[in-house]
Amino acid sequence: MCLNTLCAILCFVLTVSFGFVSAQKCGESVFFRPNGNYDTNRRLVLSTLASNVSSQNNRFYNVSVGEGAGRIYALGLCIPGSDPRVCSDCIQLASQGLLQTCPNQTDSFYWTGDNADKTLCFVRYSNNSFFNKMALEPTHAVYNTMRFQGNLTAYTRTWDAFMNFMFTRVGQTRYLADISPRINQEPLSPDLIYALMQCIPGISSEDCETCLGKCVDDYQSCCNGFIGGVVNKPVCYFRWDGYKYYGAFGDEAPSQPPTPLPLPPPPPRDPDGKKISTGVIVAIVVSAVIFVVLVALGLVIWKRRQSYKTLKYHTDDDMTSPQSLQFDFTTIEVATDNFSRNNKLGQGGFGEVYKGMLPNETEIAVKRLSSNSGQGTQEFKNEVVIVAKLQHKNLVRLLGFCIERDEQILVYEFVSNKSLDYFLFDPKMKSQLDWKRRYNIIGGVTRGLLYLHQDSRLTIIHRDIKASNILLDADMNPKIADFGMARNFRVDQTEDQTGRVVGTFGYMPPEYVTHGQFSTKSDVYSFGVLILEIVCGKKNSSFFQMDDSGGNLVTHVWRLWNNDSPLDLIDPAIKESYDNDEVIRCIHIGILCVQETPADRPEMSTIFQMLTNSSITLPVPRPPGFFFRNRPNLDPLTYGSEQGQSSSMSVPFSIDSASITRATPR
């Protein structure tokens, strides 16, 4: 009896020690005006969602409210059969969490997942209808860092078989919580698997199985060998552990009954043959139980501080699970065929880039940093730490890294269509970029920069936005790459200063070149140059020999603008496909971005609104930075060298730009 009590206490202690992190995901780029129709409708829907969900027999409710830009679609659900009051409290908590965490995003969702919760619930809202639609991203994952003890191979076989068994049943019901047969294992390892799978009602059974299958795959790829984990997506949720949770398993018994305990031995006797009193036995047992519980609590507190790792796919403050991101050098060699010339994709800012294939047939891009690249250990760690925190469809995703044999290697997702400059500046290839695609590229880069500057947990300054750092996927959608020069800001920080200016000549703003000052407005300037290049189809440096433009695109465009002839800038390759108003608006936005004074340049959120809302009146632009009125005044530092390559120079802040020393471009 005492043994059973002790086990129950220990199980309770261990259970409450492992709290899962709730998954709040705010929309990436689209925002609404506070106190507008959408905001009013959102608050109305979320204020009534808890009662509406809990009153449904299946604990599921969706609704749409409003018209036009103020229309909102919302959905809430709990575990089927959960107590109405518990469900209502959970939905209310999730709704309040979204209002606080996502104050003006038009598309957000929230899965709860704390052990203190008595159920699992989900809330999502959007300005676009998502009912009955499949969505596999974004992903949120959590795993327990307590490793499995025992025969992992045998346990994994059982785990896989049980998950396959779950798959065969969950597609039709959209919800399943089940317990595996008992497994004979080591004392410190679980002998039961408690698994829960749930999909949003409305998606097909095939989509449900696909989503949950992806969740299981994601868990296995990051966290195999650990005891317990959660992976969730916008339309499905998966969790497994070695104990009950969420009230989902009730008093359900395992498939195989436990082996009965042996009968207790007769009471012990003292040396004189007398029975030891019951009071003495109780005192000894209680003392032992208290001692063991105190030790267990101490271990739990220590373990809890480091037990659960959250893989929010690049949103934590530190590097995301370095162990799961790190590749060994042999794997990289095999994947790239020993860095074969046939697999070389090109030369990046700090080294060569190769295509590779992992054993699971995942295509990768391998960035092998050259020993004399100038990107030392600091830049390498910088890129890994920053990129590992990011997740956005317009940013290249980091898969891992390798530091071995004096090599520094970054492994990225493979983006099939090379970089923007490969198409944009080639006389033959540029025909593949009609105006619709170019306009889409401008919009995608805008969304990516907006995420970096505002929507990610850190404010991140890329510092090297240019055509060669914009990769294109199979559908010509843009992805921002090469974060070796990126810097992150504190929440309350708006600008910084550096004694080592890095970037690409022609894309760097004047305050950065001359004084080393950088902010989000530095990226805005570079983006403005990129917009103008996309419109005209020419490199910034190609204007060095044109008329009296002073050798740069910015001066050339400013003169065309003042002469009321901005359409003279248009690339002949898009003469048959461009939209007159869109082109002029993009040129106008580009000029606003390259204004000399940083305060005059718009924020990326404003640029996004300018691009997506044609009714917004654009301000009159002021003269751009590096505007040259005649060729003799050309700045040799910035425009007398080969442009397009990332470079570095030292900036003594106490003197003016004439004292800047220039280093050889990498």
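Keep in mind that glycine also has a Cβ here, set from the backbone N, Cα and C atoms.
Candidates N62, N360 were compared with Swiss-Prot; the annotation N-linked glycosylation site appears at N62. Noted from Swiss-Prot: of N52, N563, the annotation N-linked glycosylation site belongs to N52. Scan Swiss-Prot for N-linked glycosylation site across N104, N540 and the hit is N104. N151 is the residue among N151, N417 that Swiss-Prot describes as N-linked glycosylation site. The candidates are N127, N613; Swiss-Prot tags N127 with the feature N-linked glycosylation site. If you take the Cα of T504 (phosphothreonine) and the Cα of V353 (ATP binding site), they are about 19 angstrom apart, rounded to a whole number. If you measure from the Cα atom of Y412 (phosphotyrosine) to that of L345 (ATP binding site), you get 13 Å.
Geometry remark: V353 (ATP binding site) versus Y512 (phosphotyrosine), CA distance 28 Å.
Here the CA atom of G351 (ATP binding site) lies 25 Å from the CA atom of Y512 (phosphotyrosine). Broken down by DSSP into helix, strand and coil, the domain 'Gnk2-homologous 2' (136-245) contains 41 helix, 31 strand, 38 coil. Here the Cβ of Q347 (ATP binding site) has 12 other Cβ atoms within 10 Å, regardless of which shown protein chain they belong to.
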